[in-house]
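S.K.: Sharing the feature lines straight out of TrEMBL:
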type	residues	note
BINDING	Lys124, Gln187, Gly219, Asp250, Lys393	UTP binding site
BINDING	His220	substrate binding site
Amino acid sequence: FIQDFSKAMSQAGTSQFQEVIRQELEYSMKVELDKILATAPSNELEHTKKDLEGFKKLFHRFLQEKGPSVDWGKIQRPPEDSIQPYEKIKARGLPDNIASVLNKLVVVKLNGGLGTSMGCKGPKSLIGVRNENTFLDLTVQQIEHLNKSYNTDVPLVLMNSFNTDDDTKKILQKYSHSRVKIYTFNQSRYPRINKETLLPIAKDVSYSGENTECWYPPGHGDIYASFYNSGLLDNLIAEGKEYIFVSNIDNLGATVDLYILNHLMNPPNGKRCEFVMEVTNKTRADVKGGTLTQYENKLRLVEIAQVPKAHVDEFKSVSKFKIFNTNNLWIALSAIKRLQEKNAIDMEIIVNPKTLDGGLNVIQLETAVGAAIKSFENSLGINVPRSRFLPVKTTSDLLLVMSNLYSLNAGSLTMSEKREFPTVPLVKLGSSFTKVQDYLRRFESIPDMLELDHLTVSGDVTFGKNVSLKGTVIIIANHGDRIDIPAGALLENKIVSGNLRILDH
């Protein structure tokens, strides 16, 4: 149906026909959404109405837009001064009154994701990453350390989704005595739509039991609307807060940076930025990351999904687009309020196709928080050190942050001074390690990795206590074989394959 629809859409002279089809689709969608709204209990009515209104707007834009691709000819390199090196910003130093600057900051963590990709139930932020500390523990420790050191009151705001809200709120009780005020608000809840009919698959508002698959949180671009709708944005402005620092809760490098904050609050040219995106240099591992470009005289984030097929290789090249977006963002609260009230935040729609357990093909319409950069005034990119981008997406990433490559201090991880070179080793753990509980079972203790460059592990492999890995280490257990790396082993530039079992005498 969609293919026929787009074929019909693309033929010249069919604009009237297109308009008719579009109106019919919008009308059918409205009828279905009204039916869903009618099933909402009175205490959820207002909230559900806002969600469905937001979804309707997104769906309308989805039908209007001719596809995600940007006009490649208009993409230019950003002007020199629009992406500043971090060193230059740091060189300005800090003012004496850094506490008064800090008191205008709010830290926002994107906490809508589940730990499913790592085989965990519940919010990803509750996975233990270091000495029993979870992502959330480390975040609270970092902010508490700031507040104690500078005698300030920087609050933490969590943007939860309907998937993570209950579990997160239960856990928050344990921080009631910490020196951090913690607020939460919820991302919108939007209906997934059937790929064939373009109608919602939900029949009512409930999202438990068999209905869990009918709904989704629409990406972190939803932060602007849901933050504003929650009333929290206005409350924070009333308290004198001026900027939010937004980042993914699983990026352990995203700590509050006083130099960037000072640059925002006391700009050298007197003109404040409304939006700062931290970018960092691409490595081969980051070729798919979104990049900052100049487009129609504005800084613009271009994601791989928006690139016309013919230009994807060019987009991935490290020579033309040297940087990518870390999703560490600094945004002025007053600007969010202004743009939200004018309905002027423009973000490209990401169409995310999914296949449900029963085999049904659905699409979910999403947006990305960084894509709004072009709607703000006086935006800036800051090219930060790689250490500010330390995401934990897989157990391979988890192995790095649990190891002696990093030391933990007041909730912040820093690269060990004993590591001779600044880059992180490349670690690839096979499918036997995908789930956190399997991964933990396979390491009696985390190996010494200070001198490691590259580690590949595949198959049924376990590691004893106090193993050291140096240089390039490749361990491959063939199907049906098992390799136990004995306690105290040193593997330096080794390939281990076949079958190796150490039996206790």
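These residue numbers are counts, starting from 1, taken along the chain as shown.
Backbone N, Cα and C define each Cβ position, glycine as well.
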S.K.: Taking His220 (substrate binding site) as the reference, which of Lys124, Gln187, Asp250, Lys393 (the binding-site residues) have a CA within 10 A of its CA?
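M.R.: Those close enough are Gln187.
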S.K.: Rounded to whole angstrom, what's the largest C-alpha distance between any two of Lys124, Gln187, Gly219, Asp250, Lys393, listed as binding UTP?
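M.R.: Largest Cα to Cα distance for the UTP-binding set is 21 Å.
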S.K.: Under 8 Å between C-beta atoms and at least six apart in sequence, can you list the same-chain neighbours of Gln187 (UTP binding site), or say none if there are none?
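M.R.: Long-range Cβ contacts: Gly112, Met159, Asn160, Ser161, Phe162, Pro217, Pro218, His220, Asp222, Ile223, Ser226.
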S.K.: Fewest other Cβ atoms within 10 Å: which of the binding-site residues Lys124, His220, Lys393 wins that one? Let me know.
M.R.: Lys393
S.K.: For Gly219 (UTP binding site), what is the tally of other C-beta atoms lying within 10 angstroms of its C-beta?
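M.R.: Taking every protein chain into account, the count is 23.
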